[in-house]
Every structure is written in C-alpha cells, then in structure tokens.
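Asker: Below is the structure I would like to discuss, written out as structure tokens.
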Amino acid sequence: MAVFLSTHQLAFIFGLLGNILSFLVILAPLPTFYTIYRKKSSEGYQSIPYVVAISSATLYLYYGLLKSAFFIISINSIGCAIEIAYLIFYLIYAPPKEKKFTVKLILLLNVGAIGLVLFITKYVIKGPKKLTAVGWTCLAYNVARFAAPLSIVRRVIKTKSVEFMPFSLSFFLTLSAITWFLYGLFIKDLFIATPNVLGFAFGIAQMILYFIFKGKKGNETNTKQQGQQCKEDQLSRIK
C-alpha cells in the first residue's frame, strides 16, 4: 500500500534534515580554530566568513521570528551562537590590525546594516509588508554572498588544482542546499527556496570541477592556511 505524505509532513522532514545538515556544516571550521589555539595566533586567517555568517543568520532569524517558522528559527539561533563563539575566539588570538578590521566590519554589518533593517521594518514598514521586506533583504544578501564560492571556482580553473576544494564539503553543501530548497518549496516560501537554487548550482559546478581537475598537480603552490581559507569561504554560503 503506497504511503503519500502531505505537504506539511514533507516540509517537516526536509526542515529537520536541513537543520541537521546545516549544523554539521557549521561545525566544519573547528579544525581551523584548533590550529589557531595551538599557534596562539589567528594570523593568516580571515574573519570575514564569520562576520558575514552572523549577519546572514541574524537576518534569517529575524525573518523566521516574523514568520513563526520553527526550523528557520532553530538553525539560525544555533548558527548565530556558534559563529559568535568562533568570532570571539578569533579576536582573542588576532593581531591588532586584524582586530581593528574585524571590529569595523562587525560595526558595519552586524550593527549598522542589521540595525538599519530593524529600524526600517519597525518604524517605516508596517503590517504584512514587513515580512516581505525582510524576506527580500535576506534573499538579496544571500545572493551577494555567492561571490565567495564563485571566487573559489575561478581559483580552481586558474590553478587547475582542487587541493583546497574538498569534494566532501562541496557535496554536503550541495545536499544542504537541495534540502533547504525543498523545504522552501513545500512551505511555498520564495525567500528560502530561491537562494538555495544558486547554492545547488554552485555545488554541482564545484563537484564537476573536482572530477575534471582531480589528481592534477596544478600550477600554483598554496599554503595550508590559504587552503583552509578557501574552505571557510565555501562555508560562508551556509543557509
């Protein structure tokens, strides 16, 4: 006897899977911070992926609260907490110049930009239009974030090396994008589904490039820190 799941049940399943996959991907930078802890220095690493991740998670958390969407609230609450912990850890061991840059970036994105969105949606935009305005803001911001994986694709094509673009990470990011797309599709939410179409496309492109250039030595010598930064740039596109 065939079992047919309702749209609500499918949304629940993919929302739960999306939370699990995104949580695992959020934990991916832990080796980076273990390295920073051992060296007692974050020199050579960038704070940009973590600042961007916090601002994105904050926007989607706000969107989830307005929409009363449990799965959006849960994963972005966890994401905010973990990314803030990463950033604090980074700042503890960052050189003075990087600390100043990071603080300025936090003030620009996490205080200025987020504060502006909160102000406009509280005092300027009222009623149902508020949710739509925040949704479009989330969508636009997340589309802009795809500059990071695009730069990685360019780097792989230029160097003809996938040494620092691990297949497993590209695979799980793609799987996460598919899961969140389906969740957005089943709850009929354009602002969740649309960015993950791009996530899926970039993920497929990265996996294709991996198989094209796998085993090739490439024409550029990279440091481990540069390689880890490439991985972190990939992680900046997490839902």
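Note that the numbers count up from 1, one per residue, in the order the chain is shown.
Each residue, glycine too, has its Cβ placed from N, Cα and C.
TrEMBL: automatically predicted annotations, no manual curation.
So TrEMBL lists these for the protein:
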- 220-229: compositional bias 'Polar residues' (COMPBIAS)
- 230-239: compositional bias 'Basic and acidic residues' (COMPBIAS)
- 220-239: region 'Disordered' (REGION)
- 12-36: transmembrane segment (TRANSMEM)
- 48-65: transmembrane segment (TRANSMEM)
- 71-93: transmembrane segment (TRANSMEM)
- 105-125: transmembrane segment (TRANSMEM)
- 131-152: transmembrane segment (TRANSMEM)
- 164-186: transmembrane segment (TRANSMEM)
- 192-213: transmembrane segment (TRANSMEM)
Asker: At a threshold of under 8 Å on Cβ distances, which of 12-36, 48-65, 105-125, 131-152, 164-186 pairs most often with the transmembrane segment (192-213)?
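Answerer: Answer is 164-186, with the largest number of Cβ pairs below 8 Å.
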Asker: Thinking of Cβ pairs under 8 Å, which stretch from 12-36, 105-125, 131-152, 164-186 has the most of them with the transmembrane segment (71-93)?
Answerer: 12-36
Asker: Could you tell me whether the transmembrane segment (164-186) and the transmembrane segment (12-36) are in contact, taking contact to mean 3+ Cβ pairs under 8 Å with a sequence separation of 6 or more?
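Answerer: Counting Cβ pairs under 8 Å, at least 3, so yes.
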